[in-house]
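These come from TrEMBL:
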DOMAIN    109-532  domain 'Major facilitator superfamily (MFS) profile'
TRANSMEM  105-125  transmembrane segment
TRANSMEM  145-166  transmembrane segment
TRANSMEM  202-223  transmembrane segment
TRANSMEM  235-256  transmembrane segment
TRANSMEM  262-284  transmembrane segment
TRANSMEM  346-370  transmembrane segment
TRANSMEM  411-430  transmembrane segment
TRANSMEM  442-466  transmembrane segment
TRANSMEM  478-498  transmembrane segment
TRANSMEM  504-525  transmembrane segment
């Protein structure tokens, strides 16, 4: 009789047979397991009675969800293991009890990592209010091309940094990569604050861009890998919240500019402080247990788990890492592995989400909201932009509370739908003559609603979802590739947005953004899977079965 083992992991049942690991969906009742044999996922195939056929990773999870009622009770139910030996005897192994009060502390280390996210937002937003004043100071007040380069050089650097961040994170670990990241952030902030020429400003912006590009890759990666499953969504969305706080801080920092035209130098210079704090904080932060496990550093991984979750959960988390197993049996993935048939489908989802996020117009709104408000007749344009930043923070805070309840996919669809409606409102406010007397008010209201909708899903979810759906051996590089798509599209929009507006008009551009948002809703409905309530190892087993 063939020996087999059935393992209960949250709402997954995992069957180990003939040395292979198959994730199967079943029901857990009173610490015992009853497998629903009418549906399971085995190496990319679906089994229904005697029928089987190849299905995509998205269809597999969707059918599983439709086939059973999914209730996520990982944080309140005891997880048990029962092994059935070849002689039919049942051996009860030590049960995991996540109900025990944890003596670890994840939140402080998430907070340290989010300093990188805050700098991400700050460097993106700081040029918004300062552009007019620094252009006069540097002698390019009428040169819109050079102004566009000052805006977009940051994004070119971020593209380089996002790819570099994935490689560094795989080679040196997450915490050391944060410390290396602080170097271009500090130097870039210093050069931009002290620049006397356009060339120095562009070099400083490029270095700062490299820094925020690395941050954009490793902040969500690190948070995802150190967060407990039951609150991973909430903690992951804090990344976006701090990006929004950084943007808001940059907009608020621009308020004194009207009375002090040279204040823009101080605005750029203060970014040195959080960069130093990030480097120092990471010296005391634990490394990702998942990265340590992949490197074969088991004692260090157990130590990190004790720090993050408490000694009570060391056995449980180590068991999950061993269950996934890929880190110890397969070599680290190369860049070309991302385009293999095994991984490309899930990698393409990550790239598409960031492409939609940028082509939907968010950074055009952030960069140029001041100019848009001014053209609409708003007197206090900097204050109006600060209102946009506050809306971003408010929406991100709401998203944090909804992420683990509503799920990632539903928030994405709601978000892009709201963005499409807001962009349509903005477009009509500039074209309908009957709305002309209210164009200023509608410009602010539409922009605020757009940013609020963005912050509920399109902003926080892609950076959270990607580390969840990527297999451990490709996670850092796949996140970097997706963010490379983000920064390239971001760069193009930042460079050409004003020129396109001058050629086609703001109304037509906003109408185009609305169309992109509508397409995003259709794409998400057909390709994105729900990941709430599942551990990273469970998701990996389901979406990336071992070969």
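Cβ atoms are placed via backbone N, Cα and C, with glycine included.
Just so you know, TrEMBL annotations are computer predictions that nobody has curated.
Count of Cβ pairs under 8 Å against the transmembrane segment (105-125): among 145-166, 235-256, 346-370, 411-430, the largest is for 235-256. Touching of the transmembrane segment (411-430) and the transmembrane segment (262-284) is ruled out by the presence of fewer than three CB pairs under 8 A, sequence neighbours closer than 6 excluded. Long-range contacts of the transmembrane segment (202-223) within its own chain (CB-CB distance under 8 A, at least 6 residues past either end) are made by residues 110, 113-114, 116-117, 119-120, 123-124, 149-150, 153-166, 168-169, 174-175, 177-178, 180-185, 187-193, 195, 235-236, 238-239, 268, 271, 275, 288, 463-464, 466-467, 475-476, 479-480, 483, 486-487. The stretch from 145-166, 346-370, 504-525 that makes the most Cβ contacts under 8 Å with the transmembrane segment (478-498) is 145-166. Listed as Cβ neighbours of the transmembrane segment (504-525) (distance under 8 Å, sequence separation of 6 or more from its ends, same chain) are residues 352-353, 356, 359-361, 364, 372, 375, 409, 412-413, 416-417, 419-421, 423-424, 426-428, 430-431, 458, 497. Confidence across the domain 'Major facilitator superfamily (MFS) profile' (109-532), taken as the mean pLDDT and rounded to a whole number, stands at 85.
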